[in-house]
């Protein structure tokens, strides 16, 4: 049986098939590749986001490391002079070596780019002539050039007068300064060697010398001021009197308060008990009772005083001058 459709219906069917094929082609050749591209882009976006988060975490950790590294570097060369920290380093060397810094002076200077790190200069008086000749010959030899300092570096220089019991304490003092965490350079040492002890009556005197020490800082790095290392200073000593031999102040240990009297001199037999007044010194008391400083040691020995420190309200026993009185009685009038 043959089915015959009108010509108009075949045209409609053909049009529908053409449209279906057209949409199918558009989907497979246009839309489907775009869908795959979107999926790939989403995958790439997720990967990039993971990379970005990893980089951000690395940046945070690197910033922390940078802050830590700048703080540690400023312990070597800070951006401020930090004279107080320098003083603490000197005090540490003083305590470790058993030396005594009797005098010091500070100065600041800016270094040029071409200036070199100063080399240690030692000036010792009383050396033998042979050593001087040998040093003169060595000076003619070529010396390796010292490294130049970077631009913007300034230095704090301290000139100290130090007393050490012997050469070994001097060496310990200098080594402690050089081993400080902050970069410290000993520029010069000037001392006079003591005379050789050849008799038992001679006393070994402490070694007195002058030392010039420099530490460096870079004030141009103002951005790093907030990362200055904290100064490790000792706790307050809680002293009412700042002198070292008075110890810690405690109100419970105060047994008496000085009250000035009209007559601070009280006789106890031949000796005299003298109450120290404000402004008195051992020298003035010795002159008052002995008319000279010869009785200074007598007052020290009788009262067990080491040095010259006394305080107001202290009672001193002034020994009588028996020898002087006997000499005055036996002298012809």
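Here the Cβ of each residue, glycine as well, is placed from N, Cα and C on the backbone.
The stretch that TrEMBL tags with region 'Disordered', taken from the ranges 122-148, 149-175, 176-202, is 122-148.
Under DSSP, the residues of the domain 'LysM' (272-318) split into helix, strand and coil as follows: 20 helix, 8 strand, 19 coil.
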